[in-house]
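Engineer: Sharing the record's features from TrEMBL:
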- 20-42: transmembrane segment (TRANSMEM)
- 62-84: transmembrane segment (TRANSMEM)
- 91-115: transmembrane segment (TRANSMEM)
- CYS153-CYS186: disulfide bond (DISULFID)
- CYS154-CYS170: disulfide bond (DISULFID)
- 233-254: transmembrane segment (TRANSMEM)
Amino acid sequence: MHYYRYSSAEVSCWYKYLLFSYNIIFWLAGVAFLAAGLWAWSEKGVLSDLTKVTGLHGLDPVVLVLMVGIVMFTLGFAGCVGALRENICLLKFFCGTIVFIFLLELAVAVLAFLFQDWVRDRVKEFFENNIKSYRDDIDLQNLIDSLQKINHCCGAQGPEDWDFNIYFNCSSESKSREKCGVPFSCCIPDPAQKVVNTQCGYDVRKKNKNQWDDQIFVKGCIIALEAWLPQNIYIVAGVFIAISLLQIFGIFLARTLISDIEAVKASNAF
């Protein structure tokens, strides 16, 4: 093992450059997320008119991408510079933030398990708000369509939830051609069709409910998610454990390097 030589204490090169390598991945991933988010915003014209951000009442997936990018970029930068320059302040910032994120994830997991009904209500409310804004943002639209197609579901609790959207509402005042219908992603795919029929959901909800399941998915996405979780609990647990181990490894490297640097400074003070 190679060391930097000081008067009576040493800083391990292994820990120093392991931490640097660990953080360079964070930093590069953060740059990629930021670039993708800014590109998506420029395509939607948000960068030239920031009011479009506040105009969307649902979730803009690009905002989530940018937030993840900012966090990863900041942590990666602090960790890289802190390791190379042996800067205790930056290393403590990196370590403290990782600990905070880890504890936050743990708290969310425990609370979600203990207060399942409350979480279900919040998810339902969140999904309904995004249904309202379905046609307002192309990224949100693609996200909901992907969610419904992958999980073979429609709406939060069922197809009736699309009444929350002004375009699909069955109200007699609606002039939309999509009135009393559902998005194409709710439709049961026809294996014989090679081209997606984006009008397959038109007027579906004008029919009797017992005819819906011949044409569209009638299961709500929250119900589909609740059914998916128990079937894939080992995958979910494995992902959570892997992320936790990576975070613990980063905390260990940072704390070890901080201890080495403090020991060097203490020995040089005498």
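Keep in mind that glycine also has a Cβ here, set from the backbone N, Cα and C atoms.
Keep in mind that TrEMBL annotations are predicted by a computer and have not been checked by a curator.
Thinking about packing and proximity, how do these listed features fit into the structure?
Structural biologist: Proximity of distant same-chain residues to the transmembrane segment (62-84), defined by a Cβ-Cβ separation under 8 Å and at least 6 residues beyond the stretch ends, is recorded for 16-17, 19-20, 22-38, 40-41, 44, 46, 53, 90-91, 93-94, 97-98, 139, 250, 254, 257.
Sequence-distant neighbours of CYS170 (disulfide bond): residues of the same chain at least 6 apart with a C-beta under 8 Å from its C-beta are ASP163, LYS179, CYS180, ARG205, LYS206.
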Engineer: Six or more residues beyond either end and a Cβ under 8 Å away: which residues meet both conditions relative to the transmembrane segment (20-42)?
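Structural biologist: Cβ under 8 Å, 6 or more out: 62-63, 65-66, 68-80, 83-84, 94, 139, 249-250, 253.
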Engineer: If you count other C-beta atoms within 10 angstroms, which of the disulfide-bonded residues CYS153, CYS154 is the most crowded?
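Structural biologist: Output for this query is CYS154.
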Engineer: Within 10 Å of the Cβ of CYS186 (disulfide bond), how many other Cβ atoms are there?
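Structural biologist: The Cβ of CYS186 (disulfide bond) has 27 Cβ neighbours within 10 Å.
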